[in-house]
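Worksheet: the structure to be examined is printed underneath.
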């Protein structure tokens, strides 16, 4: 009787191992540069939601905690676990070459997302792709929004000099999105014939608390009453600026962000923010998951999808959001 029990146990264990092995055939390793980034939190949850609709896929999720060395170690572990594809949100875009060499060693395809690797890095591996946005587009659209509202609100021009006196909260220095948004928002305004004067510019590293501190310092400085527009590279920093302005009883100063986070959309609705730019987290997540799953299954990256791949890159478009079209992006 004991032998029969042991034999049955062995068979069941074998079946369970087989099921686990089968599940491992569609394992996809994912790293997020840090879980507590507002925007990447939305992307992460959207990827997890997409994966739930594909029961044959098992995601192995990792929080890299803004540490590239930690992320490299996580990738080593994922490869050791036999993942069939990697979806990597780099901590440092300059580390793409190192990550690619790890993946190449196991012949594992890789989809980078949100933080764009260099062209050289992407071209170095035939199984490397990128999902993201055209960084300069977000700056251009933000500039268009500011120009639209500047024209509609002549009272914003506090000193009546026809020039926008602005402060700008910048994201991570060197990050492609931060650099492009900072450059192109002002370029677009100037291209439209609007003169600008920078009163302050500093990094707040995409972070609400840091942005609040920066804005608070500016509102306590000599230019406090000259600020006509606040420009932020993302909504998290815009929200920090809103908090600081409220504390200084300056809620009439318009604030513009990027991402169209739910919290920011609520601020646009209330008037605390003048506008934002939709950084389409759901479609970036879906494209990342679709490409990674196809590659894990040995298919072409875009097979059976509507994604357009150009030079190994999927670009998800941005959309400007203000009160005029807010309803399109809420209650979904």
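Just so you know, glycine gets a Cβ as well, placed from its N, Cα and C.
Just one of 101, 228, 243 is listed by Swiss-Prot for the same Ca(2+) site as 157, 159, 161, 163, 165, and that one is 228.
Among the candidates 56, 216, 259, 297, the residue that Swiss-Prot annotates alongside 37, 114, 175, 177, 181, 234, 279 as binding beta-D-glucose is 259. The binding residues for beta-D-glucose are recorded as 37, 114, 175, 177, 181, 234, 259, 279; their greatest pairwise CA distance is 18 Å. Ranked by CA distance from residue 161 (Ca(2+) binding site), the binding-site residues 37, 114, 234, 279 have 234 at the top as the closest. Using the Cβ center of 157, 159, 161, 163, 165, 228 for Ca(2+), the list of other same-chain residues with Cβ within 8 Å runs, in sequence order, 158, 160, 162, 164, 197, 226. For the pair residue 114 (beta-D-glucose binding site) and residue 228 (Ca(2+) binding site), the C-alpha distance works out to 31 angstrom.
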